[in-house]
């Protein structure tokens, strides 16, 4: 048992030492690169492309109805929150598919919960946009 724990700890050390961690300004650029890669991966999802289209359409509608600056900023923040939750939902789906490629109740529940989180934000964004546009 102790030998198995030692092997496990050694393999964890090997993995951590093989990954070079950037520091300083290089870390900033590495983080920006990872974020861009995440955006490009998320852009492959049709749901995200629909949300981007809704984001642009919302800005046009807000401009047409003369929305205030604070309403536009609130809308932008809500949409960015939606994009972030969509990214997390996609990450959950990818991890579930990788770890548990077979159909499982736990995997289905994880995916459904992520989807529900996205739905809640779509609902909030829609209610906010309707309130600004129609009231």
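Placement of Cβ uses the backbone N, Cα and C atoms for every residue, glycine included.
The feature ATP binding site is assigned by TrEMBL to 34, 45, 93, 111, 112. According to TrEMBL, the divalent metal cation binding site annotation covers 45, 93. The substrate binding site feature in TrEMBL is assigned to 47, 48, 49, 50, 51, 86, 115. According to TrEMBL, the feature active site, proton acceptor maps to 86. Taken from TrEMBL, the feature transmembrane segment covers 113-134.
The sparsest Cβ neighbourhood within 10 Å, among the listed binding-site residues (45, 51, 86, 93, 112), is found at 112. Taking CA atoms as the reference points, residue 49 (substrate binding site) and residue 111 (ATP binding site) are 19 Å apart.
In the three-state DSSP scheme, residue 45 (ATP binding site) falls into the coil class. Across the structure, residue 51 (substrate binding site) and residue 111 (ATP binding site) are spaced 19 Å apart at their Cα atoms. Geometry remark: residue 112 (ATP binding site) versus residue 86 (substrate binding site), CA distance 13 Å.
Listed in sequence order, the residues of the same chain lying 6 or more apart from residue 48 (substrate binding site) and placing their CB within less than 8 Å of its CB are 42, 83, 86, 90. Taking the C-alpha positions, the distance from residue 115 (substrate binding site) to residue 93 (ATP binding site) comes to 9 Å.
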